[in-house]
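J.: Annotations for this protein, taken from Swiss-Prot, read as follows:
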type	residues	note
BINDING	N280, N281	mRNA binding site
BINDING	K284, C308, D330, D376, Q406, Y411	S-adenosyl-L-methionine binding site
COMPBIAS	1-17	compositional bias 'Polar residues'
COMPBIAS	25-53	compositional bias 'Polar residues'
COMPBIAS	54-67	compositional bias 'Basic and acidic residues'
COMPBIAS	69-90	compositional bias 'Polar residues'
COMPBIAS	102-154	compositional bias 'Basic and acidic residues'
COMPBIAS	191-214	compositional bias 'Acidic residues'
DOMAIN	271-579	domain 'mRNA cap 0 methyltransferase'
REGION	1-222	region 'Disordered'
SITE	K311	site 'mRNA cap binding'
SITE	K317	site 'mRNA cap binding'
SITE	R342	site 'mRNA cap binding'
SITE	H410	site 'mRNA cap binding'
SITE	E503	site 'mRNA cap binding'
SITE	Y571	site 'mRNA cap binding'
Amino acid sequence: MSGSKQGSEKASITSLIDSEEQGDEATSVSTQNQSPKTQITQTENVEVQNSDLKVTENKPKNTEMKPTDPNTNASTTENTPITTSNAQVSEKSEKTVPAWMREPEEAQNRYDRYVPRVDNRRRGEPRVAEVRQDPRYAKYLRQDQEERRIRRPDDEYEGDHKRRRPEMVTQFDDRRQGTRKNHPGQAGQSESEENGDEQQGDDEEETPGNEEPVEAQPYSRLATSVQSTQHYHTFQSHIANKENKDINSIVRSHYNQRTIQSKMQGSRTKSPIYKLRNFNNAVKYMLLGNHVRKNPNPGSPTVILDMCCGKGGDLNKAEFVGADQYVGIDISDASVKEAFHRYRRNKARFIPRDGGRAGQRDSRKYNFEACFATGDCFQQSIPEILEPNFPGIVNGLFPVDCVSIQFSMHYSFESEERVRTMLNNVSKSLRPGGTFVGTIPSSDFIRDKIVNKDFLPGTNNKFGNELYSVTFDRTPPSDGIFRPPFGNKYDYFLKDAVDNVPEYVVPFEVFRSMCEEVGLTLRYKKNFIEIFNQEIPKYFHKLNRNLVDGMKRADGKYGAEGAEKEAVSFYLGFAFEKLG
């Protein structure tokens, strides 16, 4: 490194990635007037020599923390007074259950309770009094659902519930005052780094087709994950009788099996898509880092709702953006269980305030409270999923600052009804000015492949490479525009991650138009390569060193290359804002 006698100045990164104009051309790091060492963070020094980046890291001193008693019956929300077990809920008298949670005993499906009752009164018999619904959760109903909603007498809902509500919800109100400051900018390395960009997924026998949605469950009594083996085994799912199962059963079975097998696969660094996963994770850090907005009200916490949280791969990102509360929901019960255990293993023990100064966040730990539930956000309302085990949570923590749906929203495009339920949950959960951030397959990328007839040899309905493939169940339209926009299925394969699971095309303009109908306006949309190219100079020194090193190309530069580049180009990132 050439020394500078005129003083030390900060190193600047002028190019770390390959732009679209340069194609696969290698990128470089340039420096100007630098001293031998430039301090980037409190625990990291960076040296720049001959446009090559070299990082030396000084480990901080370990913080003493009290060991957790393994015999303690931990709850899903560590140190959080919002947990309630299924047994406790079932022991409550029927009067304590909110009316919107009730279901008819003989209901054939989850929507029967919204069908108007047949009037079997005898002539002259007085009609049962109908009253207004609980106004706290009415906003989660679409207008057509509200018109058909069963109404019940006041005393059935308001009696005991009103008496117990203050002590339940006050706990959440108190938590809203407990925000923390001084969030460090660097993404920390938790005990278990993210395991990829997909939600993961249980045994085939436990997920028969056409079952009802899985109820929310607490996970304090479930076993922890087993240790991985030394050798790596590529993932393969085994879903019997797949052609006769609905999309929910297939997705749940796939990601349940993915969760179980991932514990025995071996070191994730040996995965054939290790670099691709790191690239996708880096893009998610950039999206959330740019678009999670703090609550403008003084003293209010930053709350994130992850509507398809998988195994908790985005918990590190919640810490990265300085979240105070995190709510994770997923259709796979095995994934939710794993997410809870990941959070519990890496949860920080809060540093007490000293002399009126707020304690620094430990970026290697989760300095936020979290709760997890199993449910289908594309068919159930958020209160239906959360309130059975966390009474008062919707009124206490909502509306939230950010709703995140990563690599999973395309499953909702099976039907218009599922999309509208999903968007209704998003819009009603967000505060004005809050953001909806997500990643989906790019309909523009799919259309270009179809129009250019860029199919695999011998096929007219399949494209991809050795890492990924997209196979339509029928020949796609020659112009690449799908009509109608819902239910256009294809099987997606990603080596060591997704094993030919049915997905659906998301025509982005249709999606954008439906978002506008619920008060969400588009603020950002770019494909993954564009996001990485634009944001990596800003985030290079903020991201965890292992994550950055995991994106190193064969030529020593950073970014996606070869088959990985095409695979990540399949996706785009977006951000919508909730209008006030």
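The backbone N, Cα and C atoms fix where each Cβ goes, and this holds for glycine too.
A description of the local structural setting of each listed feature is requested, covering burial, neighbours and distances.
T.: In the three-state DSSP assignment, the secondary structure recorded for N281 (mRNA binding site) is helix.
Of all the Cβ atoms in the protein chains shown, 25 others lie within 10 Å of the Cβ of K284 (S-adenosyl-L-methionine binding site).
K311 (site 'mRNA cap binding') falls within neither a helix nor a strand when secondary structure is assigned with DSSP, and so counts as coil.
K317 (site 'mRNA cap binding') counts 24 other C-beta atoms within 10 Å of its own C-beta, drawing on all protein chains shown.
All chains included, 25 other C-beta atoms sit within 10 angstroms of the C-beta of R342 (site 'mRNA cap binding').
Counting only same-chain residues at least 6 apart in sequence, those with a Cβ under 8 Å from the Cβ of H410 (site 'mRNA cap binding') are I440, P441, E503, Y504, V505, V506. In the three-state DSSP classification, H410 (site 'mRNA cap binding') falls within a helix.
Taken residue by residue with DSSP, E503 (site 'mRNA cap binding') is part of a strand.
Within the same chain, residues at least six positions away from Y571 (site 'mRNA cap binding') with a Cβ under 8 Å of its Cβ are N280, F407, T439, I440, P441, S442, N527, F528. Reduced to three states, the DSSP call for Y571 (site 'mRNA cap binding') is strand.
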J.: Given the recorded positions N281, K311, D330, R342, Y411, which one's Cα is the least distant from that of K317 (site 'mRNA cap binding')?
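T.: Closest recorded candidate to K317 (site 'mRNA cap binding') by Cα: N281.
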J.: Within 10 Å of K311 (site 'mRNA cap binding') (Cα to Cα), which of the binding-site residues N281, K284, D330, D376, Q406 do you find?
T.: D330
J.: Measuring Cα to Cα, tell me the gap between D376 (S-adenosyl-L-methionine binding site) and N281 (mRNA binding site) in whole angstrom.
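T.: D376 (S-adenosyl-L-methionine binding site) and N281 (mRNA binding site) have their Cα atoms 24 Å apart.
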J.: Pop the mean pLDDT for the domain 'mRNA cap 0 methyltransferase' (271-579) in here, whole number is fine.
T.: 92
